[in-house]
């Protein structure tokens with residue numbers, strides 16, 4: 001009877017113990033730690049993704065064998081109990097990760113990828129607000145110019161140009177919303193921001209038609225050009241997930257402020273001459 005009891009206790013210590021956990025991750029995670037703790041002494045530790053080996057560590061020879069598809073994988077600690085797996089995002093694949101040793105003890109972790117927004121909700125809202133206000137001010141500038149001068153070919157070009165800019169940016173806004181990181185949303189953001197350079201051309205046309213070209217106008221144009229440069233730099237830094245869009249917002253905000261100054265200058269300051277085109 002005692003011999004049977006000892007056998008049962010021995011078998012119990014060697015029985016396969018499987019604990020399944022679910023870990024959620026996003027593209028914002030640079031590295032991911034997959035937990036595993038093995039209390040029993042072992043000769044080797046093996047991590048698998050489904051049926052494919054990721055990492056095998058031989059505790060006797062202290063050597064590690066890595067899969068060529070998971071070169072960033074490493075053990076969190078080489079202690080007897082903590083054998084958690086650390087792996088970089090570029091090597092992570094959703095699926096079931098299994099930790100085992102020569103005694104058959106296992107810990108199973110299921111990784112689930114969650115999709116996240118390209119920018120946070122606050123930054124996305126500000127992008128739409130800045131773009132919308134800029135287009136509204138552009139509409140007011142063109143309207144004021146149209147009612148202040150006699151219609152001409154140059155005025156017609158200004159009106160068509162303004163309509164094209166507005167259509168491109170509005171289409172970009174529809175493609176960009178919601179701000180997920182996909183090809184469609186990248187194209188949408190580019191359409192929302194890059195046409196801002198043409199606002200400088202419409203500004204020059206408006207001031208030229210109203211004969212209000214002066215040093216102050218040059219300062220406004222340079223200010224808007226600086227905003228466009230900030231926007232382009234912000235775009236370059238934002239072409240990946242989970243980024244801070246502060247620089248991009250600074251550029252869009254600068255462009256919006258320059259449009260305010262332009263409209264104010266058009267309305268409040270007299271032209272340098274009385275003849276209109």
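Every residue, even glycine, has its Cβ placed from backbone N, Cα and C.
What Swiss-Prot records for 29, 58 is N-linked glycosylation site, and it gives sequence analysis as the kind of evidence. For 124-144, 156-176, 186-206, 219-239, 247-267, the entry in Swiss-Prot reads transmembrane segment.
Taking Cβ pairs closer than 8 Å, the transmembrane segment (247-267) reaches residues 123, 126-127, 130-131, 133-134, 137-138, 140-141, 144-145, 193, 196, 199, 203, 206-207, 210, 212, 216-217, 220, 223-224, 226-235, 237-238 in its own chain, all 6 or more past its ends. In this structure, the glycosylation sites under consideration are 29, 58, and the one with the smallest number of other Cβ atoms within 10 Å of its Cβ is 58. Long-range Cβ contacts of the transmembrane segment (156-176) within its own chain (Cβ-Cβ under 8 Å, at least 6 residues beyond either end) map to 127-128, 131, 135, 138-139, 142, 145-146, 184-185, 187-193, 195, 198-199, 201-202, 205-206, 209. Calculated from their C-alpha atoms, the gap between residue 58 (N-linked glycosylation site) and residue 29 (N-linked glycosylation site) amounts to 29 Å.
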